[in-house]
Ligand SMILES: NC(=O)C1=CN([C@@H]2O[C@H](COP(=O)(O)OP(=O)(O)OC[C@H]3O[C@@H](n4cnc5c(N)ncnc54)[C@H](O)[C@@H]3O)[C@@H](O)[C@H]2O)C=CC1
Ligand SMILES: CC(=O)[C@](C)(O)C(=O)O
Ligand SMILES: [Mg+2]
Ligand SMILES: [Mg+2]
C-alpha cells in the first residue's frame, strides 16, 4: 500500500504496481466469484474479471433483457450463467450488483446462501449503511467488502479494453475470515480498477449520493439548462447557445482539466476569459454551496435513500423514468446536441 500526499493530507492507495493482476489471480485462485445482476456494473465487472483469468459466473433472472445480454456476451446457461440464487449457492464470493432497489427485494433469497467463510461484495455502501430501510444485515460469519468504481460500468469496461483503469474506492465492513482485506484488494484489481483508495461504507455512500446528485450529474445538467435558457432568451441561436454551454466544455475545456488541472485549462484560455472567470467563480461557489449543504443533509438523514427506495417500489417506475429521460432527450437543448455531435468531423 502506498501512502500518497494529497495536497498535504496523507492517504493509503493501492495500485496495480504493488498489487498486480497476477497477485489477484493468486489470491482468488480457489474462489468462485458470482456476479449477481447484469445491468451496467455487472457486465463491466464480470467481463473484466473473466478476461483477467478469474473463475467467474453470472447470476441473473432468466428471461429478462439482462439475461439476454449475458448470453450475447458469451455466458453459458448452466455453465457460467445461472438464476440468482443458484449462482449465490455455487459462489464463494458474491458480487451483489443488482440495482440498489433490486438488492432489497432479492436479499431474503440471497442471504440463505451466504454461508460461513464466503465473501459478500457491493459496489455501493447503500444497502448496508441504510440497513434500517433496506433490511440488508449480513450474517456475522462472512466477509463484507466494497469496491465502488468511480464511474459508469460502461467506462470500466471500455477503459480496461484500452489498458487504462477507472479509479475505485474500497472498504471492509466485516472481516470474518481474516482475509477480507486481501480478498477486496484482489477483487478491486481484477475488476479492472486503475487504483484503489480506502474508504468506509458510510463515507462511500454519502459522497457518492452527493456527487451524482451534485456536480457529476444533477448540478451540471441543471446549470447547463440555466445557461442555455438565458442565452436563448437573449436571442442566441440554439447552436450558439449549445456550443457555448456544452460542446466547448466537453470537447475542449474539460479534456484540458482532465489532463493537467483547472489552472492549466485557465492558462490555455484568453486573459479576457481568465479575468472574468476568476471574478465570477466566487459568485457561483457562494450561490451553490448552500444548495450542496442542503443536499448533503438530505443524504445524511437518509431522505435521499428513502426517495430512491420508494420510487423504485412503484410498479410504473421504469416507465416513468423512461418518460423523464425522453423529455430530456427531446428538449431543444439536447436535440441541438444531437445535431451538433453529428457535425464533429470523423477521423
Ligand atoms: N451504474 C453504474 O455504473 C454504477 C453503479 N454502482 C452500483 O452498482 C450496483 C449495480 O448498479 P447498476 O449496474 O447500475 O444496476 P442496474 O440498475 O443496471 O440493475 C442491475 C440488475 O439488477 C437486476 N434487478 C433489478 N431489480 C431486481 C430485482 N427486484 N430482483 C432481481 N434482479 C433485479 C436487473 O435485471 C439488472 O440486471 C448498485 O449498487 C449501484 O449503486 C456503482 C458505481 C457506478
Ligand atoms: C457512475 C457512478 O458512479 C454513479 C453516478 O454514482 C452511479 O451510477 O450511481
Ligand atoms: Mg458513483
Ligand atoms: Mg452512485
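Cβ atoms here come from the backbone N, Cα and C positions, even for glycine.
Keep in mind that TrEMBL annotations are predicted by a computer and have not been checked by a curator.
What TrEMBL says about this protein:
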BINDING   208, 212  Mg(2+) 1 binding site
BINDING   208, 244, 248  Mg(2+) 2 binding site
BINDING   270  substrate binding site
DOMAIN    10-199  domain 'KARI N-terminal Rossmann'
DOMAIN    200-347  domain 'KARI C-terminal knotted'
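Projection of TrEMBL feature records onto the structure.
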residue	record	Cβ neighbours (10 Å)
208	Mg(2+) 1 binding site	20
212	Mg(2+) 1 binding site	13
244	Mg(2+) 2 binding site	14
248	Mg(2+) 2 binding site	12
270	substrate binding site	9
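Comparing Cα positions, residue 208 (Mg(2+) 1 binding site) lies closest to 248 out of the binding-site residues 244, 248, 270.
Confidence across the domain 'KARI C-terminal knotted' (200-347), taken as the mean pLDDT and rounded to a whole number, stands at 97. Residues from the binding-site residues list (208, 248, 270) with a C-beta closer than 6 Å to any atom of ligand 3: 208. In the domain 'KARI C-terminal knotted' (200-347), helix, strand and coil residues by DSSP number 124 helix, 0 strand, 24 coil. Counting in whole angstrom, residue 248 (Mg(2+) 2 binding site) lies 22 from residue 212 (Mg(2+) 1 binding site) by their C-alpha atoms. Here the Cα atom of residue 212 (Mg(2+) 1 binding site) is found 31 Å from that of the residue listed as 'substrate binding site'.
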